[in-house]
């Protein structure tokens, strides 16, 4: 596989202290205007600790890291071996911090983008049967 390089500029970072929050960099603070507590957002993260040539070549994984699950393409899983979108609920906004319940990312993970998540446009009816066959 040959990869073409391009640059992604982080707009903030995941922080895990007493609370979990997204710290938006000062130069992107204006982009938070209109975001309200209770809004759902979609985060685009860069799993910087999984960014190696070897891990980038992984295209199939066992979901949930369980070898009893069949090998599945990474785009059909939540594997951390490439950038993943996550959805979290905004609980509180203070200055350049967006507080959230939890996130499956490490402290210091770069946030590439944040988008409002209007359910009526982005959330099709859930079909839980497609993942119910997988083992945790």
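Backbone N, Cα and C define each Cβ position, glycine as well.
Annotation source Swiss-Prot lists domain 'TsaA-like' at 8-126. The S-adenosyl-L-methionine binding site annotation in Swiss-Prot covers 48, 49, 78, 106, 107, 108, 109, and the record cites similarity to another entry as its basis.
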Local confidence of the prediction over the domain 'TsaA-like' (8-126), expressed as mean pLDDT: 81
Counts of helix, strand and coil residues, the domain 'TsaA-like' (8-126), according to DSSP: 24 helix, 39 strand, 56 coil
Residue 48 (S-adenosyl-L-methionine binding site): tally of other CB atoms within 10 A of its CB: 14
Count of other CB atoms lying within 10 Å of the CB belonging to residue 106 (S-adenosyl-L-methionine binding site): 14
Cβ neighbours of residue 108 (S-adenosyl-L-methionine binding site) where a neighbour is any other Cβ within 10 Å: 12
Local Cβ density at residue 107 (S-adenosyl-L-methionine binding site) - other Cβ atoms counted within 10 Å: 10
Count of other CB atoms lying within 10 Å of the CB belonging to residue 78 (S-adenosyl-L-methionine binding site): 13
